[in-house]
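Enquirer: One structure, pasted below without further comment.
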Amino acid sequence: MNQTNFGFKKVDYTKKQGLVNNVFSNVADKYDLMNDLMSLGLHRLWKDEFIRQIPNLNSHILDVASGSGDIALKLAKKARDRVNNISLTLSDINEEMLKQAKKKAIDLNLFQNLKFTVASAEELPFPDDSFDYYTIAFGIRNVPDINKALKEACRVLKPMGKFICLEFSKVKEGYIKDFYKFYSFNIIPSIGQMIAGNKEAYEYLVESIDLFPSQDEFRIMIKDAGFEEVGYKNLSGGIVAIHSAYTR
């Protein structure tokens, strides 16, 4: 029986996605608030830097593990302000999270040119060579088979399409590393209990971050999936990193 990690626990590979779905379904309505509290608002700056990696908004963009839609809606607003003809597809395996994204899109009057698809990052329901950009923010570490998801990203991108991934990473500096580890394992789950009423969900979160490959290890995984010009940029001392690559 194939096993994989669900946080620090070993679980049957076929059960991981259901467990992850339960985590996000249970915290969907507090997801955005928790992001602000856990990151002290830094996630907004990280995401702003992330979308700057997309210079051409007259494009077909796929946002995978879209969650509550932060990345896609930032792009949609930027495109609207610049009168660009953007086509955005928001994909997430968790329907409850996509419902949050749809609600936000309606509230912000950004629903035009958006498509919503419930789908696994491992099996995307799109033809080969469909998109100019593939974005995924804080989602790839939750996928049961990351290598399979990376190959799917390569498949659905057009030639010279760009893959961009924002993910928690490995902190380099010692004093920041020590504080970050203490904050992650002691403070974040407590905030999760107080705000979302779910300590276990945020214990999973910090455990999944701790187990995620280093910047260089993930760079090799992206390259092995078939991408070229693979690189990364650390933000906030390596708390997160933006990974980018191109298809052939």
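Even glycines carry a Cβ here, placed using N, Cα and C.
The S-adenosyl-L-methionine binding site annotation in Swiss-Prot covers S68, D92.
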Enquirer: Taking the Cβ of each of the binding-site residues and counting other Cβ atoms inside 10 Å, which one has the highest number: S68, D92?
Expert: D92
Enquirer: Could you check what DSSP calls S68 (S-adenosyl-L-methionine binding site) once collapsed to helix, strand or coil?
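Expert: Its secondary structure by DSSP: coil.
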